[in-house]
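Residues annotated as active site, proton acceptor in Swiss-Prot: Asp8. Annotation comment: Swiss-Prot describes Asp129 as active site, proton donor.
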Amino acid sequence: MLVIPAIDLQSGRCVRLKQGRFDQVTQFSVFPIERALHFAKLGAKRLHVVDLDGARSGKMQQLELICSMQKTGIPIQAGGGIRSIEQALECSNAGISQLVIGSLAITNPDLTIQIIEKIKPENIVLALDVRVDTKVPLLAINGWQNNSTSSLWEVVSYYENYGIKNILCTDIACDGMMNGPNFDLYQQAVEYFPQIAWQASGGVRHMQDITTLNSLGISAVILGLMLYQDHMNLEELLC
């Protein structure tokens, strides 16, 4: 299983949100390029970078910074505000390894399909963020500010028909809380769609959580807040 460090960007700084809330932001003193270089030296094979300003505004704001981070030598999957073919092509042409498409996949499936066809499915990661109400994982959009009526399973089934294989799934209730991932959700995801390369994000506390996710068949795990709090030796995980 691939371990992917995450870097969230806001106004050019490394930050973390609690449960996706923009009114609960923790800023970190380390600069994004320094953070990317740190992960590169530890042996990370990939970074997950989110432009929170872009996610909120609907247009990526920090592409130049993200490209500078990728010059450290780590392939980057990046998202936050990619909501047009022009923006997707700009990111792809700038050298971003994989584009992370979130809200657009829910609000504008036709445009999302055009982007998939233009960029190629293997270069796309769908980021599907859910709130689990009455045991049904419903998708949130626009930087988690709004809820949709679409379920995770409906959307995955739809995009699977267009060649999508990489899906990043976050249970918002777990994100930034350090209380453990939603293992039931990921177990269902792998059982329902075993051919999808699932990436798990949110709530990972320690090595046992990663071991459990691996045993469920998850392809990759995104690590965020815990890496700033030294809860885990990342170098050991990456070896």
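Note that the numbers count up from 1, one per residue, in the order the chain is shown.
Here the Cβ of each residue, glycine as well, is placed from N, Cα and C on the backbone.
Looking at the residue listed as 'active site, proton acceptor' and Asp129 (active site, proton donor), their Cα atoms lie 15 Å from each other. Of all the Cβ atoms in the protein chains shown, 23 others lie within 10 Å of the Cβ of Asp8 (active site, proton acceptor).
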